[in-house]
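Visitor: Quick one: the structure is below, and I'll ask about it shortly.
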């Protein structure tokens, strides 16, 4: 009995699920039917507008042609009326002269006859009838205004609905990824003069190859692109790849999407590790700010968390972004004493990487560089053999220097608004640039024996970071000429700090 009930329950569940599927499908059909009716009504309205536009153009052309014919008729009529008036006047004068000449034949006296003959001769010489052109100035032909619309009729007979544009083809070879900008280029499989514009769609992903349907971000759209390429600039590369696809549009409809193309957009992304930063630093993801009261307010909180941890209750994540995985450095003590330091949460173990740092205008002292994860909690950046940095001091006296292993090299350059940091782990090079002009500020040449972490020190001020950046093309170009021309850690002047 129980088994039969269970079987019946399964059948009921299956039927209920099937009913839900059918109901959902019915809703879809109803929505589709409604869409067909609405779209058909819109299309009919647009069709009426298009034909009304054609009728209007034909009426305008017809009116213009009628006016041309009437103007030609009026011109010719005026010419012929004028010529006809001249001829009538000449004929009237000629008939009068003929009548006078006929009467003169009856004159008997020689002297009077001679006088009449001279008058007739003079009047004949001056008569307009002998100076008239007896050829019409214009013809009655109007053939130059005749029309033949056979070709136009054939064109009108070929009117049809706009075809759906074919899918464009993205050419990966012509696409360019450089300087946090991506240029996407495409072409049509065949010429289509009905294309009005293109739509570019893109999204970020961490999966190589074809885009996945599930667990993907929504497509971002750029509409009304007139050319066959488009450049996205100012991007933050916080994913390994980006998917791209393109659609061609005519006046009426957008065509199918092109086959998607996946381009690599790898770059170093990291945040500041608030779990080990000095208590006098207020850390939020990619910003750090000096807080003179922070230590006092946070010491008790930290102790409370530690006691909670001892009781077996897990302590909350210390990073400012809850979804970020634990810091790669693992557990370590907070920086303390006068080491107002915070490190990045991602280690650099290979490759070339780049990030930028901007200080607040009133920041009195700060350092930017890298350090091994073994940097002691009392150690300051640049004062040990496990850290390299450039240091800016705006307190009491202004100094700008490169530091490593407690050695200092004064830099005779202006402190830039933004500092670019280039780390070539495999090549053992750490370089600092003016982020705007890409002027080289200083380079360390060394051999990294263990992974390094981005490091930052700040006192009485704040810093903001820009990550997810490619190594700029200008920096890559400068690397060849930079080697052998700049100072290294071994050339730093020894200064006791």
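One is the number of the first residue shown, and numbering goes on along the chain from there.
Each Cβ is built from the backbone N, Cα and C atoms, and glycine gets one as well.
Bear in mind that TrEMBL entries carry predicted annotations, made automatically and left uncurated.
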Visitor: Quick test of your reading of TrEMBL: among 70-111, 112-153, where does it put coiled coil?
Guide: 70-111
Visitor: Given the ranges 245-289, 290-334, 335-379, which one is assigned the annotation region 'Disordered' in TrEMBL?
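Guide: That would be 290-334, per the region 'Disordered' entry in TrEMBL.
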Visitor: Any idea what the model's mean pLDDT is for the domain 'B30.2/SPRY' (268-474)?
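Guide: Mean pLDDT across the domain 'B30.2/SPRY' (268-474) comes out at 84.
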Visitor: Just to be sure I understand, if DSSP states are collapsed into helix, strand and coil, how many residues of the domain 'Fibronectin type-III' (164-268) fall in each?
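Guide: Final tally across the stretch: 3 helix, 49 strand, 53 coil.
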